[in-house]
Amino acid sequence: MASFCSRLTICLALFVLILGSANAQLSTNFYYHSCPNLFSTVKSTVQSAISKETRMGASLLRPFFHDCFVNGCDGSILLDDTSSFTGEKNANPNRNSARGYEVIDNIKSAVEKACPGVVSCADILAIAARDSVQILGGPSWNVKVGRRDARTASQSAANNGIPPPTSNLNQLISRFSALGLSTKDLVALSGGHTIGQARCTNFRARIYNESNIDTAFARARQQSCPRTSGSGDNNLATLDLQTPTEFDNYYFKNLVQKKGLLHSDQQLFNGGSTDSIVRGYSTNPSSFSSDFAAAMIKMGDISPLTGSNGEIRKNCRRIN
């Protein structure tokens, strides 16, 4: 009997161990022993990239959003198309838009030198996003890690899962809610548009056709974005007119003044349920900073691959 109980105890322990490895939780110290210099390695490469091109900060924040919104934070956005595989890079929200992939490659190379085969590309995206925000003057937070990389991607899920700039408020709230993100998370995370740029094709309709827009602001943006579709489509404009390379709360001050560049931005302050949150962030930068950090952690928890699921890619652009 004792022998049976002993064997049963061992079997149960093994079962719990196996179960735990398949459902492992993310943690801030996941690489504490296996890659102790991970965070400093990532940050130095991000710092170098932003020093060369300030816009790169926004370019490294955006792919983390677009990754997490499509089947979870699993690094799928980084996979290149091949003759037998269609990734997410050419989905409508990413084509001619998402960038910074070379910097992720550089980070991965540096991390691989320090700790070969240990750190996922999905985690590198999460850390690089945090570092970019902090380097540009925004908040910092403890990034939870332990994600593994997807062996697949979905262009159709990217086309359908990432809210387009034409979204109205109800559509935005609904999409964020489906991912477990609250309306406050939606508004806070939208504040990521305090840095970065948008293409003319994504704000043309707003600056020529909409009435809830500051007239002088619309005229200024029309100078580099012709009315005719197909003309100047890829011309860029900063999302935040005031401090386009500083992570601050001016995005919300702009919305209150009807100077949101994208239709989806101004929807957050247009007589709807989110007006009060926007107004609060416009006058209380520390409130925005803390809510943004909390929402980024929450977004990073969306459907990660952990334990024995997925893989640790050697090259972020292709599966092993």
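Each residue, glycine too, has its Cβ placed from N, Cα and C.
Between Cys200 and the candidates Cys121, Cys225, TrEMBL records the disulphide pairing with Cys225. Only one of Cys11, Cys35, Cys68, Cys73 is recorded by TrEMBL as the disulfide partner of Cys115: Cys35.
Within the set Cys73, Cys121, TrEMBL assigns Cys121 as the partner of Cys316, by disulphide bond. Looking at the candidates Cys11, Cys73, TrEMBL gives Cys73 as the cysteine bonded to Cys68 by a disulfide. A 10 Å radius around the C-alpha of Cys73 (disulfide bond) takes in these recorded positions out of Cys35, His66, Cys115, Thr243, Asp248, in sequence order: His66. In sequence order, Ile77, Glu88, Pro93, Asn94, Ala98, Ala158, Ile162 are the residues of the chain that are 6 or more apart from His66 (active site, proton acceptor) and have a CB within less than 8 Å of its CB. There are 28 other Cβ atoms within 10 Å of the Cβ belonging to Cys73 (disulfide bond). Straight-line distance linking the Cα atoms of Asp240 (Ca(2+) 2 binding site) and Cys316 (disulfide bond), rounded to a whole number, equals 31 Å. Same-chain residues with CB within 8 A of the center of the Thr194, Asp240, Thr243, Asp248 CB atoms, the Ca(2+) 2 site residues themselves not counted, are Ile195, Gln242, Pro244, Glu246, Phe247, Asn249, Tyr250, Tyr251.
Within the set of recorded positions Arg62, Cys68, Cys115, Cys121, Cys316, the entry lying nearest in space to His193 (heme b binding site) is Arg62 (CA atoms).
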